[in-house]
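Taken straight from Swiss-Prot:
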COILED    412-471  coiled coil
DOMAIN    396-504  domain 'OCEL'
REGION    379-385  region 'Interaction with TJP1'
TOPO_DOM  1-57  topological domain 'Cytoplasmic'
TOPO_DOM  81-123  topological domain 'Extracellular'
TOPO_DOM  149-158  topological domain 'Cytoplasmic'
TOPO_DOM  184-227  topological domain 'Extracellular'
TOPO_DOM  250-504  topological domain 'Cytoplasmic'
TRANSMEM  58-80  transmembrane segment
TRANSMEM  124-148  transmembrane segment
TRANSMEM  159-183  transmembrane segment
TRANSMEM  228-249  transmembrane segment
C-alpha cells in the first residue's frame with residue numbers, strides 16, 4: 001500500500017525540477033502564452049472595488065442609475081406628445097394663434113414640422129432616446145449580474161473582451177441618441193435659415209416676445225428642465241461607457257501579465273490569531289503600550305497540521321538514541337514521565353537495563369496501540385503557557401530581580417533584555433514544536449498503515465526515537481528554560497506597562 005521510504009532526508013516531492021519537458025495534466029495549465037510574462041509574488045486583489053474589475057462594476061452601476069434617470073425624465077414629457085400631441089397642440093395652439101393662412105391646418109403643420117421643413121420629429125427623438133436607455137440598461141445589468149455571479153467564465157480575458165466591445169458599441173449608439181434627442185427637443189438647434197425661410201423659427205421668436213403665450217407653443221419652442229437633464233445624462237453615459245472600456249482592457253492586460261495564479265478574485269478567509277508579541281514590542285518601543293495585562297506572551301502549544309509542517313525542520317538522531325535499547329519498552333502507549341527521579345534511582349534502572357538482553361530492532365519498532373483516540377500526544381503536555389501555581393512563587397523572585405521601573409533608562413534596559421530573551425524563547429518553542437509536529441505526523445501515519453507492512457517498522461522506529469528524545473535531559477532543560485523565560489518576559493511586560501500608565 002505504501003512504499004518504504006526513509007525519513008532521514010527531505011521528501012522526494014521537494015527540490016529543483018530534474019527536467020523541463022512538457023507539463024503533465026496534473027496541473028491543468030501549460031506555459032504562458034507567447035509574448036507574455038508572469039511576475040512572481042505580485043498578487044492582484046481583484047475583489048477590491050479599487051481594482052480594475054471593481055471599477056468596471058462601479059461604473060456599470062452608475063450607468064444603470066443614469067439610464068433610470070433618462071427614462072424618468074423623458075417619460076415625464078410624453079404627455080405633451082401623446083396627450084395633446086403635435087397635431088393637437090399645433091392644431092389648436094398654432095393654428096388658432098397664427099391663423100390658418102399662415103400654417104394651414106394644425107395637422108398639416110404637424111407633418112410639415114417633421115417632414116417638410118427637414119427637422120427632427122420630437123416624438124421620434126423621445127422614443128429613440130428611451131429605447132437606447134432601455135437597451136443600455138439591460139445590457140449593463142446583464143454584464144453586472146454576470147460579474148457578480150463569481151463564475152469561472154466571467155473571470156477570464158474573454159469576458160472582459162465582450163465587456164469592452166459591447167460597451168464601445170453602446171457608447172457610440174448612445175452618443176447618436178443624445179445628439180438626435182437634443183435636435184428634437186430644441187427647435188433652434190435645427191434652424192439655420194432666416195425668419196423668412198424658417199417659419200417655425202419666426203413663430204418661436206414671436207411667441208417669446210408676445211404677451212399672450214400658449215403653453216404648448218412654449219413647450220415645443222423651449223427645452224424643459226427634465227429634457228436638459230436627460231440630454232446631460234446621455235452624454236454622461238457615453239463617458240462612463242468609455243471608462244468601462246478602459247478598465248476592461250486594463251483587467252485583460254493584468255490577467256495576461258501576472259497570470260491566473262496571481263489573481264485573487266475572492267477575499268481570503270481571515271484566521272483568528274492570538275496576541276502578537278512582536279507587535280507589542282513595537283508598541284513598547286514607541287511608548288504606546290496600553291494593552292491589557294491578560295494578553296500574555298502565550299506561544300501556541302497546539303501543533304500545526306502535519307501537512308503544513310516544514311519538511312526540513314527535524315533530522316532524526318542515530319538509532320542508538322540517548323538511552324540504551326533496553327531501558328525503554330517497545331510499547332508506544334506509555335505516557336511521558338518527567339525526569340523527577342533521583343540520580344540513584346536512575347543508576348539502578350540503568351544497571352537493570354544492562355543485565356537484560358537487548359530487544360531486536362524490529363520488535364522495538366512495534367507500536368501496539370491501534371485506537372487513535374488513545375494517542376498519547378493528546379494527553380502529554382509539553383511546554384505550556386498557561387498560568388500555573390508555581391507562577392505565584394516565581395513572581396516574587398522576578399519582582400526582586402526586576403523591581404518597578406522608575407526612569408526611562410531603566411525602561412530602556414528592561415526593553416533590551418526583553419528583546420534578547422524573546423528571541424531565545426521563540427527559538428526554544430520552535431525547536432520543541434518541530435519535534436511535536438513530527439510526532440503527530442508519524443502517529444497519524446502509523447494509524448493509516450498495517451502493522452505487518454514493512455514500512456510500519458521504520459515509522460515506528462523513528463517514532464520511538466523521538467519519544468526517547470523528548471525524555472532526554474536536553475529536551476527537558478529546554479522545556480524548563482522556556483517556562484522560565486515565559487514568566488520572565490511576562491513580568492517585564494507588566495513592569496513596562498505599569499510604568500507607561502503612570503507616565504501617561
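Cβ atoms are placed via backbone N, Cα and C, with glycine included.
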Summary of DSSP states over the topological domain 'Cytoplasmic' (149-158), given as helix, strand and coil counts: 6 helix, 0 strand, 4 coil
Tally of residues which DSSP labels helix, strand or coil - the domain 'OCEL' (396-504): 95 helix, 0 strand, 14 coil
Mean predicted confidence [pLDDT] for the topological domain 'Cytoplasmic' (250-504): 65
